[in-house]
Amino acid sequence: MKEIKDFEKIRIKIASRDQIRSWSYGEVKKSETINYRTLRPEKDGLFCERIFGTTKEWECYCGKFKSIRYKGIICDRCNVEVTHFKVRRERMGHIELSAPVAHIWYYKYIPSRIGLLLDITASNLNSILYYEKYIVIEPGDTDLKKMQLLNEDEYSEAKERYGMSFSASMGAEAIKTLLENLDLDELSSKLRLQMIDKDDKTDKKLLRRLEIIENFKVSGNKPEWMIMDVLPVIPPEIRPMVQLDGGRFATSDLNDLYRRVINRNNRLRKLLLLNAPEIIVRNEKRMLQESVDSLFDNSHKRKVVKGTSNRPLKSLSDALKGKQGRFRQNLLGKRVDYSGRSVIVVGPELKLHQCGIPAKMALELFKPFVIRKLIESESVFNIKRAKSLIEQEVDEVWQILDNVIKEHPVLLNRAPTLHRLGIQAFEPVLVEGKAIKLHPLVCHAYNADFDGDQMAVHVPLTPAAQAESWALMLSTNNLLNPANGHPIVFPSQDIVLGLYYLTMERKNVVGEGRKFANFNHVLLAINNKSLDYNAQIYVKIDGEYIATTAGRVVFNEALPGKITFVNKTLSDYELQSLISEVYVIYGSSIVIEMLDIIKELGFRYATKFGCTISMSDIIVPEEKKIYVDKANREIAKIQNDYTKGVITGEERYNNVVSVWSKTNEELTNKMMEILKKDRDGFNVIYMMADSGARGSRNQIRQLAGMRGLMAKTSGDIIELPIISNFKEGLSVIEFFISTNGARKGLADTALKTADAGYLTRRLVDIAQDVVVRIEDCGTINGIKVEALKNGEEIVEPLREKAVGSYSIERIKSPITGEIILDVNEEVTEDKIKLLETVGIDKLVIRSVLTCEAEHGVCQKCYGRDFSNNKPVNIGEAVGIIAAQSIGQPGTQLTMRTFHIGGVAQAGSEDDKIALKNAFILNGLEGFNVQVDDGLLFTRKGTLKVINVIYEENIKEIKELKVLDSQKVIKGMPLFINKNGIDVLSTHIGYVKIKDDKLMIVSEEQEISLKAGTRLEINVGDYVEAGRVIGTFDPFAEPIIAEFKGKVKFKDIILGTTLKEEINLETGNIEKRITDQVFESLDPRILIINDRGVEITSYVLPGDAYLQVEDGQDINIGDVIAKLSKGSEKTQDITGGLPRVNDLFETRIPKNLTEMAKVSGIVQFKAIQKGKRLINVLDEYGVEHKHYIPAGKHLLVRDGDVVKAGDMLCDGRINPHDVLEILGGISLQEFLLAEIQDVYRKQGVSINDKHIGVIIKQMMKKVKIVSVGDTNFVYNQKVDKHAFYEQNKRVIEQGGEPAVASPILIGITKASLNIDSFISAASFQETTKVLTDASIAGSVDDLKGLKENVVIGHLIPTGTGMNLYKRVKVRENSSSEV
């Protein structure tokens, strides 16, 4: 065999009959396997030694030649070659079939490949192959048509009429003849002409046929090879027969399937020799076809062949498919030697790079090393003796083991391994007992706890593997999370509590207010018990007295020397930022030292503090009753409104839920306030939550406040909350509601974990071949990034989005003009600070989305590697890291729901508009009318505001140094005050002088308003921070009259488009527009003037509640109808994970919106077939049609001006529309924002570039729109780079290039469409992928990771890249003379 490492490509083709014969070492003629008396293989049977090789090493079957010296000799008596028995793993046989048989992969799988080539439907093809119908092969001079199907009677009739002047036949022979007669070139040009004729109306079948024909032409496969005359028999060791204890045999299912084929084949051969009647022969041929089908794919047939125990037999295809198939079970994941597993316990005494391995386990794992050392030390002279010494566990063995494991790393892995930090290397330390000891700080990366978790240990054997473990996988080299660059090794629970206690301040304790000259004096005073840890003291640091506490001095004293004095109470968040800061300033070695000190101090002082909780620590606020009574009063008022018919049932429900949410929030705030004051902040429950050691505000609320609203099984919120808390105890009904929530949490967790795991698998599959391959792709494109804001609040600063990327443009300081950032320069933390000081908050950076590297991405576009904060190395497998970064939190989040126990988490909706800081109203957008109490927005609107960042009274100013509207930055002189001091700006913004005030204001911002908002301020007003400027109804969207006049109903017919319901609770009549669609009816309300002329009309969507009567007078601002918002549901990542799934799979959402295809003016047209036609007239007067389902709530009205991409009705956006209307860049931004939104809501931080890598893979293909002079087919989907290559070639030859449009493909589909057939086959739909690949003669270039793992090569990333493989180490021989 060819050396497994020296090929670079692998190809798959259909085997011809000659090829199968050339593989074979002989024909299998009998169906026997083993002679049950002698237990030797039968001659010419399925295990025959003459064909497949000897079963005994270097011995022939009859025993005439018995020794290695006869190697290669073929025995003259039994014809068996003297060889090694391992040849039985590689030698194949064959079966000569008595009648041709079609291969099930090519005729049965949809679309049927043979059917497409011959243009026969699958059902017709089946009836020919199973000998039910004849097909005309040559019609001769009859009036039959070629390829016409005839049944038995028709065939006999034609035979009588025309005699032998035509030929028709059935079975695989007929199909074989037809395939042999095909002229592919002629067929191809015929189909291409048809496609040109049909143009846009091309059906998919034409495209499929053309693709298959082109594939056959290019690959050199012949169509008739899909019909088999010879059947290969796989080597016997791969379908073994094993003797069990009771003398019975267990055999592979394949042997049974082969036996059936051989038996039927032999029977058919006899029947043919005997010239048996046609009907019998035909039946036998059909049975042969069936048995070969079962052999190749038993699960795909309607009648599955079953074995002895009535279970379906496992055929060749089944052996490849699925999780238990060859690919996933044996090639992508293997069980490995030198490994063990055990329960983990905490090892507080370990260093960060160590783990404790039980001595017994270590001895077993390192056995070969120990044996070698024993022999080297001449204690023993053979392996057998060494093994017995090890079994006796003599002292010498333990000494040797100690030496062996020194500096020999081991890998620890915890399942599920969701990201690369699930396997890390440690130096082993021998421990007593049987449990593995794990360092407490690495638990977070493993997501491990010590409640019975198990971990696996692996020993890297070769020096290269050990070196990689030390250099790359050691726990001390993996301090940062590759997903976002934040530390992943940080303290939690006990350690945090200990340090929080140590660094807290307490009033009136021993030693308060004392002064100390240095740290040593403080420590001495503590040891002498004359100073309390929590006492506030003054210590001299760098010649100055600093107010701090004794505990903080203890903490700082222990830290490594370089770190500046940390003077604050340390919570988990503070500790994480301290670790981050130290990492950036001092590097990893100091951090590692610091982490072990933090662990040690934390545990020590947690023990000293010895916190316990009792019932008296749970303090229920006395004001609870007041809050609950107030809520009940508000609810009575809401109920009253409902009874009067002012609000609908849905609004009532939403308002009630909102009241309880607010009450719960207020009560919680009060409770936390009380707990904080209790015992000077040393209330243990409060300390645990505040330090972040355990528990949360939400859990304390349930202990001491009220449990709050609960969710039903459906996810709806039950409007009656649980008012009790756990301290007071729950009533029976409250307890019952609680149990439901708790159970649901656990059930959901189990289901969603599988979901998130599957998401990770698909992500890995699509991105596995994205590797950093080159330094610079030379692109000039980039993406624009800016800080993400929610109104005025910065959700994600520019730093998070831009640090570690490379700039694509040169940025100069607007003041000095010097270059801050040059082209292709890395954006570092310092550069961002510089940009922020001069007021630049937008950047254009290089991104993976715009990278033009042909395979993978380039270093410059990827930027920084977050796992070490350095520029990414060439060879880094960034695709897999991206997939893990997105998949891992998915799984984490799904596991996190049950801790709160099903408590509903819907926020209370606010109905007031107030801004956090002072501002000036600069302008309004949107249709609004003047009413008594201000402005009323009849449709959606926008406020344009400028925030006031700084203000000063002009009277306090002596001399101004700036002009109105001038831009200022930090440090710029503003004015000289009355005392003659220069006042410098501490902000970035613009100067505004208004009403004797000097202000610095921000750039203009937009705040969107809902329809129905009442605004109490006017343009130009200055508004103080926190003032309520407007109100709206959060639970209903009103349709408001914009003119005065009379109401006239149009197409509002009771019983058809209008439904009157008597509300049983209130007795009121509610008028609701039905959501049924009627062809000719379009319910609207017209407003007419005194002369009866229509002024305007309002279209009423389905489910709108009418608020007016026909013929009544109406004023500007009156509500005509309103739409209730759906009731609140609790949202956790269950809402999140399916959403992420849908986005990555690019599924079209259920409740779709229609987007304006172009910018222009809206024109309403009639309803046709249940859809309303809306035209948008563009600037050239061209009409663009949009069809919208009639019941939908429209967001535009007749005559509105819209921009391309604006939503015309409510609903979800379809990503494919975004691509079509707004283009690729907008689509990337849309997907990125939507996916990040789901994760951000859950508090998960993932860097954009990871999601970018996946989106890039989803947009790899383009669809051919015009063929030009290329070989492409209209509507074909091709790889971008293949498209550019071919176009380049055509242009060079002076031809016309093809035109294509970008398309978006979901991750599953994209994984199956990948260039590597090995990778696609090992993902899903194995047989389909292999069928198509074999027809096309696909070549796998082995560029990705999966395909290399499957065939046993080193993966082409990191040290496995060709770039590094060619490195040679030479000794420098030029020594001095």
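Each Cβ is built from the backbone N, Cα and C atoms, and glycine gets one as well.
Same-chain residues at least 6 positions away in sequence with a Cβ under 8 Å from that of C60 (Zn(2+) 1 binding site) are, in sequence order, E49, T54, K66, C75, R77, C78, V80, E81, V82. Marked as Zn(2+) 1 binding site by Swiss-Prot on the basis of sequence analysis: C60, C62, C75, C78.
Secondary structure from DSSP puts D451 (Mg(2+) binding site) in coil. If you take the C-beta of D451 (Mg(2+) binding site) and look for same-chain residues 6 or more apart in sequence within under 8 angstroms, you find none. As annotated by Swiss-Prot, Mg(2+) binding site applies to D449, D451, D453, with the evidence given as sequence analysis.
Residues annotated as Zn(2+) 2 binding site in Swiss-Prot, with sequence analysis given as evidence: C777, C851, C858, C861. In this view, C861 (Zn(2+) 2 binding site) is surrounded by 29 other Cβ atoms within 10 Å of its Cβ, with every protein chain counted.
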Taking the binding-site residues one at a time (D449, D453), which has its Cβ surrounded by the most other Cβ atoms within 10 Å?
D453
Let me know the most crowded of the binding-site residues, choosing from C62, C78 and counting other Cβ atoms within 10 Å.
C78
If one measures from the C-alpha of C777 (Zn(2+) 2 binding site) to the C-alpha of D449 (Mg(2+) binding site), what distance in angstrom results, rounded to a whole number?
45
Top Cα neighbour of C62 (Zn(2+) 1 binding site) in the set of binding-site residues D449, D453, C851, C858, C861:
D453
Structural state of C851 (Zn(2+) 2 binding site), classified by DSSP into three states:
coil
List the same-chain residues at least 6 positions away in sequence whose Cβ sits under 8 Å from the Cβ of C858 (Zn(2+) 2 binding site), in sequence order, or say none.
V772, R773, I774, E775, D776, C777, C851
Hey, how far is C861 (Zn(2+) 2 binding site) from D449 (Mg(2+) binding site), Cα to Cα, in Å?
38
Near C75 (Zn(2+) 1 binding site), how many other Cβ atoms are within 10 Å of its Cβ?
20
Just going by other Cβ atoms within 10 Å, which of the binding-site residues C777, C851 has the emptiest spot?
C777
State the three-class DSSP label for C75 (Zn(2+) 1 binding site), counting H, G and I as helix, E and B as strand, and everything else as coil.
coil
Would you list, in sequence order, the residues of this chain other than C60, C62, C75, C78 that have their CB within 8 A of the centroid of the site's CB atoms, where the site is the one recorded for Zn(2+) 1?
Y61, G63, K64, F65, D76, R77, N79, V80
